[in-house]
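What follows is one structure encoded as structure tokens, with my remarks underneath.
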Amino acid sequence: MSKVLVLKSSILAGYSQSGQLSDYFVEQWREKHPADAITVRDLAANPVPVLDGELVGALRPSDAPLTPRQQDALALSDELIAELQAHDVIVIAAPMYNFNIPTQLKNYFDLVARAGVTFRYTEKGPEGLVTGKRAVILSSRGGIHKDTPTDLIAPYLKVFLGFIGITDVNFVFAEGIAYGPEVAAKAQSDAKAAIDSVVAA
């Protein structure tokens, strides 16, 4: 039995294209893998705190006493990392906002990227500690950006996920959503077909 973690990050709730694709992914996965467990974390509906000068001190190894706010941030970071490590398939709904991922998703990454916990530095360079996992990125965009300099999402996510140890990464794109109903419908249809292939693999 596999465990699937779905991370939503769109601020558009039910109107979100990436949210609809992640819901479709969950439906298809449950149909094809009924014994698997699925956890959905909505980072927009339940946002994690923004990393600031106070909170960053809680995530670095130190013997200094922590403030109550730092204690809460450290406990949440531990919870998020334990959840991430406990799942086999990580599905990230990553819509494009101004050429990059939503703030809500970046805030999550800032809480799970911890030296000595999800990665470590060695004589040969950094080593990811979140291993044996597969990631699926569902990325909706208003325009057409795939394989162009304006797509900052795919390179960033490959680097970040690889840095913490997740190197098996598949991307599903829904592009041209803002180009009109016909283009948007085709984008959704093509993305769902790609999801079907990922789920069946």
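The backbone N, Cα and C atoms fix where each Cβ goes, glycine too.
What Swiss-Prot records for Ser10, Ser16, Gln17, Ser18, Met96, Tyr97, Asn98, Phe99, Ser140, Arg141, Gly142, Gly143 is FMN binding site.
Listed binding-site residues: Ser10, Asn98, Ser140. The one with the lowest count of other Cβ atoms within 10 Å of its Cβ is Asn98. The secondary structure of Ser140 (FMN binding site), as reduced to three states from DSSP, is extended strand.
Between the farthest pair of Cα atoms in the FMN binding residues (Ser10, Ser16, Gln17, Ser18, Met96, Tyr97, Asn98, Phe99, Ser140, Arg141, Gly142, Gly143), the distance is 17 Å.
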